[in-house]
Amino acid sequence: MSDIEKKTSVSHELTDQDTDEPAHVVIDEKKMFRKVDYRVLIIAMFTYCLQFMDKLGLSNASVFGIKKDLHLHGQDYSWSSSVFFFGYMLGNFVVTRIDQKVPLGKLIAGAIFFWGITLAASAGCQNYSGLIAGRFFLGLLESVVSPTFVLMTSMWYKRSQQPVRTGIWFAGNDIGGIIGSFLAYGLGHITGDIQPWRYIFMVYGIIAFLWSFVVFFFLPDSPQKAKFLTADEKEYYRKEMVQSEIKHEWNWQQAKECTYDLNLWLLMFATFLCICPNSGMISYGLIILNSFDYSSIEVTLLSLPGSVLAWIAITLTGLIASKYKNQRCNMMVLVTLFSIIGGCLVYKGATNGVKLVGYYFLQVQPAVFPHILSMAASNFRGNTRRSIASSAVFIVYCVANIAGPQLFRHEDAPKYTNAFLSWIICYCLTVLFAVLIKLSFKYQNKRQAAKQQIKPEDSNADLVEYVDPTFRYMY
């Protein structure tokens, strides 16, 4: 984590409150950010791990009898996957405002507490209507986590540190996939009057419920409220990292500007194109493996290498983007090229073995989205503007997740060739938009450099990025 950074101590002159004289204080940045990693980043990563396990729970349940037990026909299963993101999207509209009004750590803890209860209660579903209701409310509650973590990442870390940190907590998805696969494998062997898929919902829900108490007591709301930071370290955040302070005023001018911001629209289109196939993989991944003539128990184990590959891709591209300047869009292109190859192998593979290789190539695609999140967090200044940018990306994320499972039509089963063709098209367009994003930010940096190089008089003001001529976009 922090070990990839240079080992430096940074001196800052802070004003003594009693004498108004400058006091020379030495802050060891490496030590300070390591403390933040161990407290904030680890909690964020495991929370994201649990969130993905909960999302993956339905996919695991699909190969352990839920469709038969709840009499799901036609597109019923696809809609039970999509409805989660209707709740998620509704929640995002609310989270945009709530994030600036309430303590962030307590907000996340409360959301985990109630989604754990909701998921565990879903084990009692007896019909399609009950499943739909449970998935909707689960999405509503889980919508709190991702936009809030994006905001917290921008509060706690420098812009140069954000890609790898975003990648680390986002990699919780794949850790969740690994843990979830092992749990599903074990729970799938349970025999008795209660079906295995009900145990999956119960166990995942109870784990989330218990974790909410850890988050409540150990995740600080902001650097200024972090007990593990010294007074000098808090002063460092206040002086050197203005974005660490959440200003609770809503700025309508900043909100208006977001509606016609080209950079934001490009990020939103890229989000839709990379997430639409990925959402189908989350919902239908095990069903796809099942279509390669593997048993229900076997597919839970065959999904493990995919989660490991995704974790490696997210972590590696995050490290590269943090170590080398302006490599985020390049990483998006590189990862998506692997996905294009994988999509072609699954679409036209002559044997199940070739299709399985293609399936594993597809697993690296989740590494694209963290770079979009990182750019949304680091390239928009002004609290309202940054909050809207992150939430707009997540609203499109929801729309893509709603659309993704619908590409898998009942009449196309079991090969779903039309879905894979759609994926390949989405991947190709993702490459195009990654290039457009890079060109847009590069052009805007040239415009910024041409401006008069003066620093704003009030460094603590809630300024947007283009007002400060020293600001540079990161891509």
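Just so you know, the numbers here start at 1 and follow the chain as drawn.
Here the Cβ of each residue, glycine as well, is placed from N, Cα and C on the backbone.
Quantities reported herein were computed from a predicted structural model and do not represent experimental measurements.
For reference, TrEMBL has these:
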TRANSMEM  36-53  transmembrane segment
DOMAIN    40-442  domain 'Major facilitator superfamily (MFS) profile'
TRANSMEM  77-95  transmembrane segment
TRANSMEM  107-124  transmembrane segment
TRANSMEM  136-156  transmembrane segment
TRANSMEM  168-187  transmembrane segment
TRANSMEM  199-219  transmembrane segment
TRANSMEM  264-287  transmembrane segment
TRANSMEM  299-320  transmembrane segment
TRANSMEM  332-350  transmembrane segment
TRANSMEM  356-376  transmembrane segment
TRANSMEM  388-408  transmembrane segment
TRANSMEM  420-441  transmembrane segment
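Of the Cβ pairs linking the transmembrane segment (107-124) with the transmembrane segment (168-187) and spaced 6 or more residues apart, fewer than 3 are under 8 Å, so the two regions do not touch.
For the transmembrane segment (388-408), the most Cβ-contacting stretch among 77-95, 136-156, 168-187 is 77-95 (pairs under 8 Å). Of the Cβ pairs linking the transmembrane segment (420-441) with the transmembrane segment (36-53) and spaced 6 or more residues apart, fewer than 3 are under 8 Å, so the two regions do not touch. When Cβ-Cβ distances below 8 Å are used as the criterion, the transmembrane segment (264-287) is approached by residues 55-56, 58-60, 62-63, 77-78, 81, 85, 258, 299-300, 303, 306, 332, 336, 339, 343, 362-363, 365-366, 368-369, 372, 375-376, 380, 389, 392-393, 396-397, 399-405, 407-408, 414, 416, 419, 422-423, 426-427, 429-430, 433-434, 436-437, 440 of the same chain, each at least six residues removed from its ends. Residues of the same chain lying 6 or more positions beyond the ends of the transmembrane segment (168-187) and with a Cβ under 8 Å from any Cβ of it are 1, 41, 44-53, 56-57, 60, 64, 149, 153, 196, 199-200, 203-204, 297, 300-301, 303-304, 306-308, 310-311, 314-315, 318, 366, 369-370, 373. Here the transmembrane segment (199-219) has Cβ contacts under 8 Å with residues 39-40, 43, 46-47, 50, 53-54, 57, 60-61, 64, 105-106, 108-110, 112-113, 115-123, 180, 183-184, 187, 190 of the same chain, all six or more residues outside its ends.
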